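This report concerns only the one structure given below.
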């Protein structure tokens, strides 16, 4: 085993062995994807080697009965846009793949049933959150801790106790429930974890309805938090893992849509039970058990997460789950293959670890650390925006504005209705407009509406007009919250972590959210009492502006990327992302929307177009040194005279040895000269003969075929650089006399210079050489 120093994003050097790196050709470092490229793990693998890989996978997973469909699935996964050219597929299979784009909402019943179940889980969460809203008007008096009269001697203590009881579920969730989700998911699966959480969402609410004093009520609320935390950490993951990428955002965001529905039902229950009398607050707390019942019963009628099965090595179970969640066996096989190979890449990066190790890896592994930061930002922003001061205390806020208790409950009912209705647009916009764009649009609007609500308290009097204006701005605030910061945090956090850290990562994200919800619930009565309504609302309006800035610089977009592709999004260093927003996106936005100029935004992510690369490879028939007669011209005279270095680090054991011009055989380029057209692409092929005696004489390097290229970049008035990607085979004689083939993808920079007004090839320089021998090791080339 050979180790190589790979530069980390923080400048440190870590050793990764060849058995610990990624898989597949043209491997992209998931810890430092500085070029912001997204790569298909099967891209560029020749058919014979791909067939070998799939056969090995089939044997490993006990999938011999589905060899044929696995092979077809692998071919589709390797070149998703080229399925029309695959002779292995019949017309029905091709039509199913077309429908994925044309009829993306046409999904199996089992998949929609899974989403419905997740929606019920979210409704439980919402109803649990609002049970205390109406009860806050009466339970403090019953338990001898009234908080409404500032003249009472224990007023300060009572404010904190009421806040503590309201914060109880979020304290239990952030310190216990969320962190239990990882072991629960690991041992019980996604469905088992949801069942466990449903039990704790059922029994404690019954207990809260029969509590005899404030501390019994607080204990039942703490226990409720265990169920809320475990459920909130599991249900969005379960939905994200079962839903196709094309509709994942719209369906996973059902968590927030139906949380909003649960909040609405909770406000309905609070209003309906108001007239019951002294028992009203007990029934308002206890009514939240209702949606927990179908959750308890329905969870085991849904398929288990196929990714969880794959993580456990139960591949046939995973395939059976995918058969229920996808329209055809071909799509199920494709997803099975792609998930498996991407998980291998993740495992190579993060290794296998226990719970405690995985927790620390949230902050130590660069790719995971970036997801941890992004989920922290989007989750804490949900509390910074101030939505839960309304969800927890709206009845108290409206009451303090001069409304009667019944009017306050009606106003809270209106808030719940607006919150639910305006969550619907996100179903369609979250996968088109994008998660990040929704947040950037809604946060400024939440800031001004919350500020306006605060200043509305200055309106003289306490009549219907006074309460009505305050309600209007609070409703506008909710209308902006619901399609943005409402659905995005849980959808986003459920998808950004690699499978190996998905449970503990989601636990971190939800614990962040609910911990600060606990802080908010605990401190709001005191903040409101000390700062007044206007000051308190203005304070949260300012936090909205702060959250907007954090999101702008620190939150990558994830829309319409598979869970596996997101590995490469979060391999881009945070500073690279932040610098792009400041130096590229912000000037573009100002020029485009303020100055009204026609400008083009340079994209941050260079998503790999496998189909286009394949087309280039087909059109440039330069395999094995045989260029097309009319397509290429051998430029030996130019290269032999001017190329001093082709590659460095062709083999890990070569160290700093370079390949000189004497080792060079030939270069293929198109016949026509570049002229001044720097946007033209040119195929290339490089050949290196066997090394001299004593320098790995058994190693032969040859070009197999062109994988792709890029447009030329001008590096000065007299120079241009084109980046080319080739695939090469390297044959090595092993100690037992057998010969093995190592296949790599390599990037080579073509350097062109203007000579007498004509662009000509001046030289080559190495870019990156990548190896595979069961695993891939990245070896960085030296530039001369």
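In case you wondered, yes, glycine gets a Cβ from its N, Cα and C as well.
No curator has checked TrEMBL annotations; they are predicted automatically.
Per TrEMBL, the features are as follows:
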REGION    1-24  region 'Disordered'
COMPBIAS  1-10  compositional bias 'Basic and acidic residues'
TRANSMEM  110-127  transmembrane segment
DOMAIN    114-559  domain 'Major facilitator superfamily (MFS) profile'
TRANSMEM  159-180  transmembrane segment
TRANSMEM  192-211  transmembrane segment
TRANSMEM  217-239  transmembrane segment
TRANSMEM  251-273  transmembrane segment
TRANSMEM  279-302  transmembrane segment
TRANSMEM  373-394  transmembrane segment
TRANSMEM  406-426  transmembrane segment
TRANSMEM  438-459  transmembrane segment
TRANSMEM  465-483  transmembrane segment
TRANSMEM  504-524  transmembrane segment
TRANSMEM  536-555  transmembrane segment
Counting only pairs 6 or more apart in sequence, are there at least 3 Cβ pairs under 8 Å between the transmembrane segment (110-127) and the transmembrane segment (192-211)?
yes
Averaged over the domain 'Major facilitator superfamily (MFS) profile' (114-559), what pLDDT does the predicted model reach?
87
For the transmembrane segment (465-483), give me same-chain residues lying six or more residues beyond its boundaries with a C-beta closer than 8 angstroms to one of its C-beta atoms, as numbers and ranges.
256, 260, 385-387, 390, 394, 398, 401-403, 407, 411, 414-415, 418-426, 429, 438, 442, 445-446, 449-450, 452-453, 456-457, 459
Counting only pairs 6 or more apart in sequence, are there at least 3 Cβ pairs under 8 Å between the transmembrane segment (406-426) and the transmembrane segment (251-273)?
yes
Chain residues outside the transmembrane segment (192-211) and at least six past its termini with a C-beta under 8 angstroms from it:
117, 121, 124, 128, 131, 177, 181, 184-185, 217, 220-221, 223-224, 226-231, 234-235, 238, 282-283, 285-289, 292-293, 295-296, 299-300
For the transmembrane segment (373-394), which stretch among 159-180, 251-273, 279-302, 438-459, 536-555 has the most Cβ pairs under 8 A?
536-555
